[in-house]
């Protein structure tokens with residue numbers, strides 16, 4: 001089935017729009033590489049960007065189920081596989097661009113992956129995405145039966161590994177890695193709330209998730225600076241109690257969570273509003289940051 005067709009095989013403007021949006025970041029990532037003839041700087045930047053978007057797509061895919069519960073927008077289910085495959089695509093692009101910098105030397109690449117723990121973690125996460133992508137078809141769902149749902153819960157573990165990989169290959173500034181980790185925490189808290197029969201259509205529940213996930217995000221940032229860097233963690237924690245621009249990751253997570261509460265209030269009867277809210281709240285275009293090698 002074409003990615004712009006609905007489950008009945010008919011053309012869907014909704015799915016086509018999502019499909020195009022999923023491809024747009026890739027065009028911006030790869031064009032400088034193509035135009036630069038594989039020059040070092042564009043390729044290194046593309047490696048970072050493709051990795052960022054792989055993580056973003058994983059988070060967007062994890063958002064679809066709780067967002068559907070918040071808004072009852074059944075159409076969102078139609079794009080879950082699209083977004084998951086986009087995460088896989090950006091992850092494979094990330095790996096291929098890295099292989100390009102290693103002159104496609106498979107033995108050297110394998111040694112690097114085994115020698116550097118953050119590369120090992122990233123490779124395990126990508127392997128998980130490959131497995132989920134290969135089993136995302138209807139025929140795989142039929143063959144695996146109930147085991148299919150169990151297998152695809154591995155996406156939670158992939159999210160954890162991706163976040164750890166992001167932190168470990170970042171330099172001192174881990175603001176964006178913290179932001180992604182905070183969003184992941186919020187997505188997991190939505191699932192905890194649902195498991196406890198707390199309605200995700202309740203603004204109170206969503207506000208609680210927003211506040212708790214914001215606090216946990218601040219705690220993650222504090223812990224990372226305290227354990228992995230020489231930066232005083234108390235200074236970083238204190239910065240979370242000040243309103244500054246750009247906003248600290250904890251504030252971004254809190255405000256995004258509060259926005260989701262607003263979506264649950266005003267998007268209940270309009271699939272169009274729900275869809276716009278989903279796109280606006282999950283395409284995290286953040287300022288660039290530096291990474292370590």
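Just so it is clear, glycine is given a Cβ too, placed from its N, Cα and C backbone atoms.
According to TrEMBL, the protein has these features:
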DOMAIN    51-162  domain 'Ferric oxidoreductase'
TRANSMEM  12-33  transmembrane segment
TRANSMEM  53-71  transmembrane segment
TRANSMEM  83-101  transmembrane segment
TRANSMEM  113-136  transmembrane segment
TRANSMEM  148-168  transmembrane segment
TRANSMEM  174-192  transmembrane segment
TRANSMEM  204-225  transmembrane segment
TRANSMEM  245-266  transmembrane segment
Long-range Cβ neighbours of the transmembrane segment (204-225) (under 8 Å; 6 or more residues past either end): 70, 167, 174, 178-179, 181-182, 185-186, 189-190, 193, 198, 231-234, 236-237, 240, 248-251, 253-258, 260-261, 264
Listed stretch, out of 53-71, 148-168, 174-192, that has the most CB pairs under 8 angstroms to the transmembrane segment (245-266): 174-192
